[in-house]
Amino acid sequence: MRGPPAWPLRLLEPPSPAEPGRLLPVACVWAAASRVPGSLSPFTGLRPARLWGAGPALLWGVGAARRWRSGCRGGGPGASRGVLGLARLLGLWARGPGSCRCGAFAGPGAPRLPRARFPGGPAAAAWAGDEAWRRGPAAPPGDKGRLRPAAAGLPEARKLLGLAYPERRRLAAAVGFLTMSSVISMSAPFFLGKIIDVIYTNPTVDYSDNLTRLCLGLSAVFLCGAAANAIRVYLMQTSGQRIVNRLRTSLFSSILRQEVAFFDKTRTGELINRLSSDTALLGRSVTENLSDGLRAGAQASVGISMMFFVSPNLATFVLSVVPPVSIIAVIYGRYLRKLTKVTQDSLAQATQLAEERIGNVRTVRAFGKEMTEIEKYASKVDHVMQLARKEAFARAGFFGATGLSGNLIVLSVLYKGGLLMGSAHMTVGELSSFLMYAFWVGISIGGLSSFYSELMKGLGAGGRLWELLEREPKLPFNEGVILNEKSFQGALEFKNVHFAYPARPEVPIFQDFSLSIPSGSVTALVGPSGSGKSTVLSLLLRLYDPASGTISLDGHDIRQLNPVWLRSKIGTVSQEPILFSCSIAENIAYGADDPSSVTAEEIQRVAEVANAVAFIRNFPQGFNTVVGEKGVLLSGGQKQRIAIARALLKNPKILLLDEATSALDAENEYLVQEALDRLMDGRTVLVIAHRLSTIKNANMVAVLDQGKITEYGKHEELLSKPNGIYRKLMNKQSFISA
């Protein structure tokens, strides 16, 4: 799948912060002008007119107009007539239809995100598995797998908008309705100005019939604009929800595709924070913010254009202050973007601490460390609060400065407009239209200011997300050779393998490790603790690749095989099986290639073979019993038998087994061992042995010590070596006698 073309997204692309001369930074001026009360300009009565009604607003506006006229010099006779016309305008505006300001301040509510599907189906692969356009370059050879900043490429804003490409038709329709509603809304000041001129220049003419018809016509037009605005909001909100859904699912898919070494170095809490908090923050930038930002941008553009149409001189005078305010806006936006990234990093640390402590609450309770952990978490949250104070201080300074600039600009417009009226370069209707357009532009660019601020915060969080979305896993996910099923035997061989964990490259685990496991045989792997027995199983599953040497399956290097196919042929039962927080039936069905197609009869059959049916039927809900997080509601023996049933349902050719019967009581130990014996029948088995009976029944025993196989043979052969490591382990009673 190729990347999205740029043309449908340019309509949605915000101005770049690197171009201070463009429209966006003007938001600072008019946002503050529309928010900060106390201006003595007459047309600030437009705001109280909406709050208090026409009468008080009209009286207040007339009084302010008179105060303004008394301080105006050189206005001539036009000034007196102008302020009276302005007072009339305030009364008309206060009685105007409320739909004119529909949605000016109150944005749409936060959307609920639909539940994401697990990224395993064809639909997910279409956009998450094969989208080369959203991936960055491959990691360099020296990369250690940590999260790093995304590689330089497309601007992050365009990457963000690239997520909207599948919604291009809905967004294009929304932009069309947005244009319609904006044009209708922004045409009102022009026609109202013409009406004022008619009223002002012909006060004795009976114009009530014409005025009624005109107002009814404008009301119908406003209704059309309101309908278009409602459709625009619906289309933008539903599209935004889909975009966020796609973002979260794509991010989850990218996380699951990473190699295991990545998870060794990246904390789970950090990933959860990115999947929840960062996507929510970025989602607000795309959903709630994008719709209002587009509307505000369209209205601001039309409003500024009409200001130039009404009075180019006055519009040029007003916009001459844009460059210095733009510089302030750019500096503030960049600072806020960096601060947001640092804040999200700190929040991720707090989330990591909480996730780890809550997940291990039994250990915390056993050591009585509740208060200690509370203090640690409070310290992390306090650091987030300190960063929030910095953001609040920056926002206060920014909006305070731009608010002062906005009020000064309003005062300048009144002064300059009065001079133009006095010199007969403007009529009262034109000044009224200009002031109304300025008011609309102030509201619209106020929305753009908020949009810009939220966009910078979203991009700050987005930078963290692109690190994950663009990170290429070092091990292939679903690529490689698939062996012929008919000729597949399951013979395994390690040859001159050297390996160290990527998180600890200075500590070698294997040095010239070699081991051959014939097809259909049972090989017991024994050795002292920490000798690398569990690492052998990890290498066979290709969770890691060796630094040198080869691991082969039926003579094929497993690095050439498809990892998904390879793991589908291998079953595992670990010392401490991990179960999911769902029903017993769902945990058993997890071993199948397609869990949704597994029947209840198949689940019951493998449960019987695993000696699990008896205790399952004792539960009130039977196979529908929920086992709790990591199977915490089950005993060790019960979890072992469910894990064995899960492996039986998978029906693997190769079985990797880490015996864990030493922690079980005699009855559970017998039941688990009997189930394991059934599971091993007819398969190539590599077992980390803890039981003497398993070792005796194994075809071969391999003794692992200091990264090498030091002894290899049958139980009796190894026991006959008086100075051998195996004999020493037996003398220390390292194995269970049963």
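Cβ coordinates are placed from backbone N, Cα and C, and glycine is handled just like the others.
Just so it is clear, the model here is predicted, and its values are computed rather than measured.
Per Swiss-Prot, the features are as follows:
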BINDING   T402  biliverdin IXalpha binding site
BINDING   G530, G532, K533, S534, T535  ATP binding site
DOMAIN    171-457  domain 'ABC transmembrane type-1'
TOPO_DOM  106-168  topological domain 'Mitochondrial matrix'
TOPO_DOM  193-213  topological domain 'Mitochondrial intermembrane'
TOPO_DOM  237-287  topological domain 'Mitochondrial matrix'
TOPO_DOM  334-392  topological domain 'Mitochondrial matrix'
TOPO_DOM  417-430  topological domain 'Mitochondrial intermembrane'
TOPO_DOM  453-738  topological domain 'Mitochondrial matrix'
TRANSIT   1-105  transit peptide
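Annotated features taken from Swiss-Prot, shown on the structure.
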| residue | record | contacts (Cβ under 8 Å, 6+ apart) |
| --- | --- | --- |
| G530 | ATP binding site | none |
| G532 | ATP binding site | I509, F510, F513, L704, G707 |
| K533 | ATP binding site | L525, V526, G527, D658, I688, L704 |
| S534 | ATP binding site | D658, I688 |
| T535 | ATP binding site | F499, Y501, I509, F510 |
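Within 8 A of the CB centroid of the ATP site residues G530, G532, K533, S534, T535, the other residues of that chain are I509, G527, S531, V536, L704. Across the topological domain 'Mitochondrial matrix' (334-392), mean pLDDT in this model comes to 82. In terms of DSSP helix, strand and coil, the topological domain 'Mitochondrial intermembrane' (417-430) has 9 helix, 0 strand, 5 coil. Per-class residue totals from DSSP over the topological domain 'Mitochondrial matrix' (334-392), listed helix then strand then coil: 55 helix, 0 strand, 4 coil. Helix, strand and coil counts under DSSP for the topological domain 'Mitochondrial matrix' (237-287) come to 45 helix, 0 strand, 6 coil.
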